[in-house]
C-alpha cells in the first residue's frame, strides 16, 4: 500500500475522501489515535503504561535493606490503629484476642517520583517485600497472623513526595495479667503493646500519629464484658543488651457482666442454703427426712463449687466467688451439724429418763422402746408404767446426805458461784427441741448479715 500524508492544516474535500482507499483510511485513523495517546502520556508520568512501578520508584537503584536516612537522626514512624473487634477473652489462659487495622506512616525520599497531578500510587503485598518497612511487633503476644483471604490484607500507598502509608489487618492473641481477687465482680485492665524489634530509639521513633485520636474502635459487644475505655499511651522499654526502645500501648478496661454469674452461681447457692433451713421445721425424730435433706444440699453445694473452679485458672489466692461459695457451704454444713447435735441431746435426755426407772418391767413393749429410736415426742412417751424405786437404806442415806448439803453453810465455809454457761448448756441439753427454735431465727439472720457485708465490699 502507498501511504499518502497531508499537512496538519490541510482539509480533505469530499472528492479527496472518496479517492482514499479503505486501507489508506485505516492507517490514517490509527496514526491519529497514537498521536492522541502520546499527548496524554506526556501530561502525567504516573499514568504511563510504558514505565513499570519498580522503574518509576527506582527500586533497583537503592538498597532498601537500610532504613531511610541511615546514619542520621531517627526516622519518625507514626502509628494509627483501628480496632475491629475483641474476639475472645480467656480467664483460664489469661489472654485476649483482638482483630485490628495497623497503619504505619513514614517518609522515604528514595521512593519519591514525579507527578504533575500529585496523585498517589497504591500497591499490594508484592511490592512490600521489595522496600523497607518498619519491623513493628506485638510485645507479649502468643499468636498473631495477617489475614490472607482472598489476598493478603496488606496495602501500600506511596505519595509523590515520598510519604508512605502501610496498612495491615492483623489478629493477635496477647497476654493480659488478670487479677481475680474480686471475681466475678472484677474489672480488668489489659493492654496491647507495640514496639520495633530491631531499631532502638536512636534509629526509629514510634509515636501516635494523631495523639489520642490515633486509636479508633468500632462498636464492640462482648458476652461477659463491657468495654469501658480505649486509651493510647506511650512509653520506653529498656533491654540490657540493646538499649532503649519506643513502645506504644493500647490500654482498655473490661468490666464483667454480673448477671450471668448471678443466674449460674449466686442464685442456686442462695436457694441451697435456704433449702437447708427447711430441716429446722421438720420433726427432730424424723431422722431419714432430715439426714437426706442435709446430705442433698451438701452435695449440691460441692457440685457448684467444682463447676466454678473448673472454669477458672488455678490461682494461689482467694477469689470473691470462693468466699461466697465456701461461706454458703459452711451454712449448709452447720445445718447438718445442728441436727446431729439435736439428735444427740434428744437421745441423751431419753436415756436419762429411762435410767431413772432403773428397772424395766416385763410389760415394757416395743412402743415404749421406740423412745430410743426417736419416733415420738417426749410428751408422747408414757413413763408412768415404770415402777418407782423402793426406799432402801442406801437411798435413805443418800437422801439424808442431800438434805444435809442443802442446809445452811457453817461459819467460815467458802461458797462457790454456779457457772452460768454450764447451767445454760445443761438446760439446752435437757430441752433439745429449743435448738431448732433458735436455729430458725439465727441461721437466716446470720446469712443475711453475711450477704450485706459481702455485697457492700465487692459490688
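Cβ atoms here come from the backbone N, Cα and C positions, even for glycine.
What TrEMBL says about a protein is an automatic prediction, not a curated fact.
Annotated domain 'Neurotransmitter-gated ion-channel ligand-binding' per TrEMBL: 59-257, in sequence order.
Feature annotation from TrEMBL assigns transmembrane segment to 258-279 (among others). Among residues of the same chain six or more beyond the transmembrane segment (258-279), those with a C-beta under 8 A of the stretch's C-beta atoms are 184-185, 223-224, 289-290, 293-294, 297, 300-301, 304, 308, 321, 324-325, 328, 331-332, 335-336, 339, 439-440, 443-444, 447.
Feature annotation from TrEMBL assigns domain 'Neurotransmitter-gated ion-channel transmembrane' to 265-455.
Annotation source TrEMBL lists transmembrane segment at 291-311 (among others). Within its own chain, the transmembrane segment (291-311) has Cβ neighbours under 8 Å at 91-92, 265, 268-269, 272-273, 275-276, 278-279, 282, 321, 325-326, 328-329, 332-333, 335-336, 339, counting only residues six or more beyond its boundaries.
Feature annotation from TrEMBL assigns transmembrane segment to 323-346 (among others). Under 8 Å from some Cβ of the transmembrane segment (323-346) lie the Cβ atoms of residues 265-266, 269-270, 272-273, 276-277, 279-280, 284-285, 287, 290-291, 294-295, 297-298, 301-302, 304-305, 308, 374, 428-429, 432-433, 435-436, 439, 443, 446-447, 450, 454, all in the same chain and six or more residues away from its ends.
The annotation compositional bias 'Polar residues' is assigned in TrEMBL to 387-407.
Positions annotated as region 'Disordered' by TrEMBL: 387-413.
Positions annotated as transmembrane segment by TrEMBL: 438-457 (among others).
Mean pLDDT for the domain 'Neurotransmitter-gated ion-channel ligand-binding' (59-257) in the predicted structure: 92.
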